[in-house]
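The feature ATP binding site is assigned by TrEMBL to Lys9, Thr166, Asp167, Thr208, Gly209, Gly210, Met211, Phe212, Ser213, Lys214. The substrate binding site annotation in TrEMBL covers Ser49, Asp134, Asn146. Under the heading domain 'Aspartate/glutamate/uridylate kinase', TrEMBL lists 5-232.
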Amino acid sequence: MSGERLVIKIGSNVLTDARGRLDRRSFRRIAGQIKKLRKQGKQIIMVSSGAIVCGSEKLKLNLAQKTIPQKQAAAAVGQTLLMNYYAKFLRPLPAGQVLMTTFAVSNKERSQNLRNTIEQLLRMRVVPIINENDSVVVEEIKFSDNDMLSARVAALLKADKLLILTDIDGLYDSDPRANPQARLLRVVDKITPEISKMAGGAGTHKGTGGMFSKVQAARLAVKNGIETYVLNGSRRNVLIDALERQTAGTRFKAAK
């Protein structure tokens, strides 16, 4: 197959408004860009969080107060809703759901099966939409919000680029929510201990603007030769701008 291969990770915070409720405009905005990229001949693999948020809204649950079993139940209900939204806004492109757990990319045989499935979907011009199976997996609910999963998928599929959409413009040299003078880093040549510290350090799974897990994901991706971007998913045409090297987010250069 020809065409640049992109893995696009969409965080739950990109799909919700300021009150934490689903924002249908976000689905429309992201889907519109994906359709444009497909017209350009690019291969698109999506990794999307959001099942728990979708299920919580449907079941009228308070996300902040739910137990792990309640979150897993919300994910079971919400995953169908999440896929319905994507299927609706991606039309006429077909979307295919791929639910997985982290050991699917750590076991050689399972990794090969996963790769074969996604490669077949791409050959059939389907947009694969991957999510960790939150209804049975606890770790993702507690920690990664699919950041590391997206990097592992990108490495497995030998993607050209990984684009991580979140609710902040990129990596800053300090927390922009606490420091109005914080400076956005446009390009990171190498992920050094200093860069990791800017992202929040190893003592937290989120860090500055939820950056720690994203920088960890970028570290894995660039190590595998995959250029990585952290972008504000609420920005109009942010995917297009980043790929055309317009001013958008933070770009982590791939290791040579």
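Backbone N, Cα and C define each Cβ position, glycine as well.
No curator has checked TrEMBL annotations; they are predicted automatically.
A map of TrEMBL features onto the structure.
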{"residue": "Lys9", "record": "ATP binding site", "DSSP (3 states)": "strand"}
{"residue": "Ser49", "record": "substrate binding site", "DSSP (3 states)": "coil"}
{"residue": "Asp134", "record": "substrate binding site", "DSSP (3 states)": "coil"}
{"residue": "Asn146", "record": "substrate binding site", "DSSP (3 states)": "coil"}
{"residue": "Asp167", "record": "ATP binding site", "DSSP (3 states)": "coil"}
{"residue": "Met211", "record": "ATP binding site", "DSSP (3 states)": "helix"}
Rounded distance in angstrom between the Cα atoms of Asn146 (substrate binding site) and Met211 (ATP binding site): 13
Binding-site residues near Ser49 (substrate binding site), in sequence order, restricted to Lys9, Asp167, Met211, Ser213 and a 10 Å Cα cut-off: Lys9
Site of maximum Cβ density within 10 Å, from binding-site residues Asp134, Asp167: Asp134
Cβ contacts of Met211 (ATP binding site) (under 8 Å, same chain, 6 or more positions away): Ile168, Leu171, Tyr172, Met198, Ala199, Gly200, Val230
Alpha-carbon spacing, Lys9 (ATP binding site) to Asp134 (substrate binding site), which is rounded to whole Å: 16
Ser213 (ATP binding site) versus Asp134 (substrate binding site) - Cα distance in angstrom: 18
